[in-house]
Amino acid sequence: MQFGKEFVRRNSFYKCVINEEETALDSADVFELAFKGKASAIDHRSQKSPEQLSFRDENGASPLHYASAGGNVDIIRLIVSVVGPEELNVQDEQGRTPLHWAVEQNQQQSCVLLLELGADPNILNNAMMGPLHLAVTKRYNHLVEVLFQSCDKTDANLEGDLGNTPVMMACCTNNCQAIQFLFKHGAKMCIQNKLGHYAIHTVAFAGAKEAMEMVLEIGEELGISTSVHINYLDKTKSTPLHLSVRGGNIEVIKLCIIKGARVDQQQCDKSTALHFACTQGALEAVKIMLSSYNKVEDIINIRDGANQTPLHRSIKSLIHCYLDLICLGKGAEIDCTDCKGLSPLLLASKCCAWKTVAFLLSVGADFRIKDEAGRNFLHFVVLQPKGLKNLPETILQMLSDEDVEGCTPLHYACKLGIHDSVKNMLGLNIFVGQKSREKKSALHFAAEYGRINTCKRLLETLTDSKMLNDWDEKGLTPLHLASRAGHTQVVELLLRSGALFQSDYKGWSCLHHAVAEGYTQTIKILLSANVKLLDETNEDGNTALHIAAQVGHVGAVLLLLERGAEITLNNADNSFLHEAVPFEYPTDIVFYSDRKAYGSKVHLLNLAVYLLGLLPLTYLILNLRPKQDVFGNSTSVIMVPVSFREVDSLCSEISVNYFTDFSNLADWCAAISSLVFVIPMCFNLENTWQWEAGAFAILTSWIGFLLYFQRFERIGIYVVMFGGIVRTLVCIMILFIFLLLAFGLAFYALMLHQDEFSSISLALAQTFVMTVGELNYQSIFLNAYENNRMAFPGVTYFIFVLFVLFMPILLMNLMIGLAVGDIAEVQRNAELKRIAMQIDLHTALEEKLPYWFLKRVDKPSITIYPNKCKALIDGEIQNTVRTRLNLCSRQGGPLERELHKQKNRLKTMSCLLEKQHNLLKLIIQKMEITSEADEYDGPHNPRALKQPTSSSSQKSKWVPLLQAIRTKK
């Protein structure tokens, strides 16, 4: 602690509380005085202002903390006598008491006095350290003795951070004297910390040999035998020997073994201390443990949770070769396999441990062992750069061995682009044309994964073109695979080498595969090499244009149309436009055919039936008044058609959805209230509730009529949007109601002499009107205030100001903001909801209409003439199609444009980097420098890193496609 700096800082707060007349004391800080031991100045200050002794500095420390750290016992007594004994246990921001400060500064007298005055020695600071922990850690053993002799409350087993007791802290620091003091004053041996460690585990991991001997000796005195004590288990079933190996102290490892530690003890993952030592490469520890065991063959081949022996573990260490020599000399099994089927030889090949590989082969390791995937050690060797150069030639005859998929080491090297291994294997005159179970050769793998340099080396060794144009089990050649993955350089290389434009077993050419994945650069290369591919068809009669339209690659469609692709029909008599539209809108096609057949007629008939009730009801409301005598029975059938229609609908589709539809509820309310309004007229009865029902009937009838328009094209989207905004309003009505009640009841209680607030209902109504902006401030508040008719003017105006802020300003703006914010989302969903309602209506109609009617009106096909003058309804339909097709494009237009700009920039940067890379490669080749960068042969196109997948789930945007069609026509 740097007390000098802390005393230099002055606190303005302390200055302002000191009496201004005491100018002599202003220059001296109470904390500085306490630390330096100025007892007379502290006494004088305490007499003038006793509260100064309770001040806190910026770190939360009191003057008692500073006095304890300075060892000033007189000031400690003075502060405690003035402030009280509760100041003894005050903690600063770090949780330290004055006793903590005294222990940290090794102030024995301060510790003795604080304990005598009643300081608590068991308080932990923020670091979970008590004064006893600090004394033990800092090796202030005289303070340890003081803490026990001056206070009976000192807990020798106080748990600190991670549950560590002072004994464990002493073991960590090899503080033998503290260990004696602690056990002398009641410390327990059997306590575990949160990791499950006993003191013997802690001392073993810390590598404290003297402390371990003392702990074992004290354990003997307490009745714990050394053989049991040295094999104590923690939560993970680790012994002190496990932890001593982790700690790496050879002397402690020897001591553990001498005292009887079990080398074969396995922890939770079944690892022994020998496994740990082999993993860490602890050569001396391995020698000690093996030499101490009588039957070495029992421990040297013990398996862990991964079914690995210490020999497996030793391969991963830095001095694996010497460990292998020791393990094998002690009888380790050389060909044992782990849970993955890896033998020590396979594992060494995988870890590039070439000395171990050579050593294992020299002592007779079986190089024919294969792992679970059927790979021998050569499959792993070829994955490492220059791996084959580290093997004897007698082993290289296994280069033709296959794994479970029929892949040889050459296939692995070509797949991963390790062309240095490919070069070495090709120099051994192995058979290059060997195929896997999928009938793929090495060139197939290299072309599929874009290994350009590997392809060059393979093509240099070819004596004929059979391998270049060979098929796999699906009829795919290397050119097909490279085109499907978009490897432009590999495609160019294969074309220059004489690859043929063949079709696979489904009739797909390489252009079909490139178009299916949307690789426009590859398409350009293929078309520049063979333009006849443009209109070539597969077995289904699909050209490349059909495939591009099916999967939705707009860029590929535009490119093919620009290159002059013909618009032909496939075997199903579909053009590419037929393939494009059903891909995105199959339901709409059926819906428009049904609509063109009978949908519009049903809509109009539905509205006509509704108008049979709505128009007479409106006529009655306009021409009849409550005082007028009403006669005539013709009005009794006003809403009967609507009622009959609703009863029929209810009987035919009784479900929860019927009652949750607001339009159905509006129709029922209109029908019932209309009958209540009309029936009394038939019997010449006049009642007030009759006209109330009539008002409600005309309201719900016109609202229901409005809801019928939500299924129509241009008007319906706004009706649906209005419904969405109404739902948002309903969601916040709870907030509105509670605020309305709060202010309405407050005004009712305060505005005693105002007619507008004379009752609860009027008060709430007036508050509601004021919410929308009609405050009537002058007539309600100002006149009442000037005429002294306001009972509580102060509180009334305060609540009025709150009301203006909360209701007209805050709440109204909140509702407007929510409504405006929801418009964009509502507009996106309104079109889809309207279409869904139309489809539901037509589905219900198809279920109700007779079969002979549907057979008569259904049309299997519709012929559309784009250039023909269209009627109004047909024009509306086509405009709606275009609107719907433009829907997705409007949403992502700006984002797409920005992404297109970034894509062009990245392409430019990629071209520049590629040119610089090629230039550097030429420089390195000229200077005959071997670079590690040349050892990896990866694709230049990042999209080729992923596995080719089906593109049927990709979503397309058809606005550029339709524009291209119009341009071509």
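Every residue, even glycine, has its Cβ placed from backbone N, Cα and C.
Annotated features in TrEMBL:
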- 59-81: repeat 'ANK' (REPEAT)
- 94-126: repeat 'ANK' (REPEAT)
- 162-194: repeat 'ANK' (REPEAT)
- 236-268: repeat 'ANK' (REPEAT)
- 340-372: repeat 'ANK' (REPEAT)
- 474-499: repeat 'ANK' (REPEAT)
- 540-572: repeat 'ANK' (REPEAT)
- 655-830: domain 'Ion transport' (DOMAIN)
- 691-709: transmembrane segment (TRANSMEM)
- 715-748: transmembrane segment (TRANSMEM)
- 760-777: transmembrane segment (TRANSMEM)
- 797-824: transmembrane segment (TRANSMEM)
- 934-958: region 'Disordered' (REGION)
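Tertiary proximity for the repeat 'ANK' (162-194) is limited to same-chain residues at least six positions away from its ends with a CB under 8 Å from its CB atoms, namely 128, 130, 132-133, 135-137, 139, 141, 144-145, 148, 154, 156, 202-203, 206, 208-212, 214-215, 218-219, 222, 224, 234-235. Residues in the repeat 'ANK' (340-372) partition by DSSP class (helix H, G, I; strand E, B; coil) as 16 helix, 0 strand, 17 coil.
Under DSSP, the residues of the repeat 'ANK' (236-268) split into helix, strand and coil as follows: 17 helix, 0 strand, 16 coil. Look at the repeat 'ANK' (59-81): DSSP puts its residues at 17 helix, 0 strand, 6 coil.
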